[in-house]
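*Asks:* Taken from Swiss-Prot, the feature active site, charge relay system covers Ser110, Asp183, His218.
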Amino acid sequence: MTVQIPKLLFLHGFLQNGKVFSEKSSGIRKLLKKANVQCDYIDAPVLLEKKDLPFEMDDEKWQATLDADVNRAWFYHSEISHELDISEGLKSVVDHIKANGPYDGIVGFSQGAALSSIITNKISELVPDHPQFKVSVVISGYSFTEPDPEHPGELRITEKFRDSFAVKPDMKTKMIFIYGASDQAVPSVRSKYLYDIYLKAQNGNKEKVLAYEHPGGHMVPNKKDIIRPIVEQITSSLQEASE
């Protein structure tokens, strides 16, 4: 009898690639490898031009970005959420899963975490016959929101993506949220908003929906005291679901 090695799919952030995300998440990756978990890092399909950036970058730094092959994204950035088009990024991940899956779980960072949340919710529809993920790790993740006209000062999921971020009541996936208290790119309040969607869908079950805040910024934590309990939750969810 052959033992199947658990497999996790990793989706990098804006202006990264799989290789860079592998390096940035080396602490978690190495602990998972020790636990005999396979980590697959893939590249986003959208190749950005300098004009696509939501901030200024000098020519020298942009050339270095091109040389390092990190001018990548899962979708083009927009401050107006209903203008976002995730179809190309979504298709590339779905095609990879169909060719290389099934996967036991998914890990996303920032833009990759927004996409991985949607894939977690919709995996059975996107890839027919693929089981629900056992675990989904959302690092500096966020949803696509807009001002709620019925509740001034509050946000709601943008109508275009309401179905994408809808959590099914029978979801069995363990959700693990990681975010930085000092994150300026994706403020922790945005990650907590997404966390609350899942927590509410699971009737407040904090054994199925976990949150870990670290003191850093827009990054994957690598300090052992922070990541050890996270990796333990990942590996235990893989084992529980296999038993």
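Backbone N, Cα and C define each Cβ position, glycine as well.
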*Asks:* Could you round the CA separation between Asp183 (active site, charge relay system) and Ser110 (active site, charge relay system) to a whole angstrom and send it over?
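*Replies:* If we compare the Cα positions of Asp183 (active site, charge relay system) and Ser110 (active site, charge relay system), the gap is 11 Å.
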*Asks:* Give me the CA-CA distance between His218 (active site, charge relay system) and Ser110 (active site, charge relay system), in Å, as a whole number.
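*Replies:* Their Cα atoms are separated by 8 Å.
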*Asks:* I'd like to know which of the active-site residues Ser110, Asp183, His218 has the most other Cβ atoms within 10 Å of its Cβ.
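*Replies:* Per the Cβ count within 10 Å, the most buried is Ser110.
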